[in-house]
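One structure is given below, encoded as C-alpha cells.
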Amino acid sequence: MTTAVCPGSFDPITLGHVNIFERASQMFDEVTVLVTGNPEKPSGLFSVHERMELIRQSVDSRINVDYWSGLLVDYTSQHGVDVLVKGLRSSLDYEYELPMAQMNRRLSGIDTVFLLTDEKYGYISSSLCKQVAQFGGEVTGMLPDPVVQAVKEKYRR
Ligand code: PNS
C-alpha cells in the first residue's frame, strides 16, 4: 500500500488544490491532505481548524485531512508516509519547491512527486483569491463553493 501526503498551508483550499488531491487519490492507495500550521497561533485568514473543515467540505470523504505544526518529515516518518505530492503551476513554483523537496529527501529519504496543475487552474492561488475577494471581486469557479461562502463571510466582518 502506498500512502501520500499533500502538505500546504491551504489558507484557503482552491479548486487547483482539489484537482491535485483527486489526481493523487487515483495514483496512491491513501491520500492525506496535511495542513501545516499551529492551531494555537492564529496566522492567515483562516485558523488551522477552519482550513481543515473547509477541506473536508470540498474533497471526497476517502481523502484524509490532518494538521501538523512541526517538521514535515517528522510527520511522514511517524506515519509511515511513502511520498509527498505537490502541484506545480509554473517555473516560479518549481524554484520554490525544489529546495524543499531536496531538503525533505536529504532529511528523511522521502521523495516529492509533482503533478502539473490543470491548465484551468494555472493562475489560481489562495493569496490572489483572497485579494480579489477582499475588494469584492468574484471568486466563484476558483474556490470550492463552501470556501467562496466562507471567504465572503470573513471579509464581510
Ligand atoms: O502552501 P505552502 O505555504 O506553499 O506550503 C509550504 C509547506 C507548508 C509545505 C512548507 O513550509 C513546510 O513543509 N512546512 C513545514 C515545516 C517544515 O518541514 N519545513 C521545512 C521544509 S523543507
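Yeah, the Cβs are placed from backbone N, Cα and C, and that goes for glycine too.
Curation does not apply to TrEMBL; its annotations are automatic.
The residues of the domain 'Cytidyltransferase-like' (5-131), classed with DSSP into helix (H, G, I), strand (E, B) and coil, number 58 helix, 28 strand, 41 coil. TrEMBL lists 5-131 with the feature domain 'Cytidyltransferase-like'.
What TrEMBL records for Ser9, Phe10, His17, Gly87, Leu88, Arg89, Glu97, Tyr121, Gly122, Tyr123, Ile124, Ser125, Ser126, Ser127 is ATP binding site. Around the Cβ of Leu88 (ATP binding site), the number of neighbouring Cβ atoms within 10 Å comes to 16.
Annotation for Lys41 (substrate binding site): no spatial neighbours, criterion Cβ-Cβ under 8 Å with sequence separation of six or more. The feature substrate binding site is assigned by TrEMBL to Ser9, Lys41, Leu72, Lys86.
Annotation for His17 (ATP binding site): spatial neighbours Cys6, Gly8, Phe10, Val33, Gly87, criterion Cβ-Cβ under 8 Å with sequence separation of six or more. The site 'Transition state stabilizer' feature in TrEMBL is assigned to His17.
Looking just at the domain 'Cytidyltransferase-like' (5-131), the mean pLDDT is 97. Sequence-distant contacts (6 or more apart, same chain, Cβ under 8 Å) of Ile124 (ATP binding site) comprise Thr14, Leu15, Gly16, Met142. Residues Ser9, Lys41, Leu72, Lys86 are the ones the record ties to substrate, and the longest Cα gap between any two of them is 25 Å. The two recorded residues, Leu72 (substrate binding site) and Gly122 (ATP binding site), have Cα atoms 25 Å apart. Here Gly122 (ATP binding site) comes close to Gly16, Arg89, Ser90: these same-chain residues lie at least six apart in sequence, with C-beta atoms under 8 angstroms from its C-beta. Rounded to a whole number, the C-alpha distance linking Ser9 (ATP binding site) with Lys86 (substrate binding site) is 12 angstrom.
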